[in-house]
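Note sheet for the following structure.
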Amino acid sequence: MMKSIFFGIVALMFAAVVMQQEQASAQVTDTDQPSSTDEWNYMNRSCSAKLQDQINKEFDAAIFYMQYAAYFAQYKVNLPGFENFFFKAASEEREHGMKLIEYALMRGQKPIDRNTFSLHFANQVQQPEPGPEGSVALTALKGALAKEQEVTKSIRELIKICEEDHNDYHLVDYLTGEFLEEQHQGQRDLAGKITMLGKLLRTNPKLGEFMFDKQNM
C-alpha cells in the first residue's frame with residue numbers, strides 16, 4: 001500500500017513538472033537563441049543551464065525524502081514522527097523546485113531542458129539500512145544532512161557562476177535571501193537531531209528511536 005502511495009506521489013510530482021514545462025514552452029519561444037544583453041530576458045547560457053540543473057536537484061531531493069517518509073510510514077516500522085518529518089522535507093524541496101521554475105519563467109527563461117532533465121528515481125529508491133549504531137533512523141538523518149549539504153553546495157555554485165562571471169545580481173540576491181538561510185537552518189537542525197539521537201541510542205539502544213520519534217520529531 002505505502003509503495004503504491006509513494007509511486008503515486010512521484011508520478012503526480014513529475015506530471016506537475018511536465019505541465020510547467022509545457023507552460024514554459026508556450027511562453028518562451030526564443031531562449032535557445034543567443035540574446036543581446038539589452039533584451040529584457042537576457043541571462044547568460046551558463047547561468048541559465050546551472051539554474052536548470054538546480055531545479056533538477058531540488059526535485060531529486062524531494063524524491064530522496066519521499067523514499068524515507070514511505071519507509072517510516074510502513075506498519076512494520078511505524079515511526080510517525082520521522083514519517084511526517086520526511087514528507088514535510090519532500091514537500092519543501094518540491095516547493096523549492098517550483099519556485100525556481102517560476103523564477104526562470106519570470107526571467108523569460110526555459111526552466112527545464114528536456115535533453116538534460118532527469119529524475120534519478122532508480123538510484124534514489126532503496127530501503128535505508130541501519131548503520132554501525134544499529135539505527136535506520138540515524139542513518140536516514142545522516143543521509144538527509146548529506147543531501148542538504150549537496151543541495152547547498154550546488155546553490156553556492158549557481159551563485160558563483162551567475163555573480164562572478166555574469167553579474168546576475170538579481171538571481172544571486174534571490175537565491176541568497178530565499179534559499180541559503182533556509183538551507184543553513186535545515187542543516188543545523190539535522191546536525192542537532194543526529195547528535196541527540198546518537199546520545200539516546202547509547203543510553204537506551206532498544207527504545208532510543210521510539211523515544212526520539214515521540215519527543216523530538
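Cβ atoms are placed via backbone N, Cα and C, with glycine included.
Curation plays no part in TrEMBL annotations; they are all automatic predictions.
Under the heading Fe cation binding site, TrEMBL lists Glu58, Glu93, His96, Glu148, Gln183. Residues or ranges marked as domain 'Ferritin-like diiron' in TrEMBL: 41-201. Summarising the annotation, TrEMBL assigns signal peptide to 1-20.
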Around the Cβ of Glu58 (Fe cation binding site), the count of other Cβ atoms that are within 10 Å: 22
Across the domain 'Ferritin-like diiron' (41-201), average pLDDT on the 0 to 100 scale: 88
Residues satisfying Cβ distance under 8 Å from Glu148 (Fe cation binding site), sequence separation of at least 6: Gln183, Gly186, Gln187, Leu190
Long-range Cβ environment of His96 (Fe cation binding site), under 8 Å and at least 6 residues apart: Glu58, Ala61, Phe179
Cβ atoms near Glu93 (Fe cation binding site) (within 10 Å, other residues, all chains): 24
Cβ within 8 Å of the mean position of the Cβ atoms of Glu58, Glu93, His96, Glu148, Gln183: remaining residues of the chain near Fe cation: Lys57, Ala61, Glu92, Val151, Thr152, Phe179, Glu182, Gly186
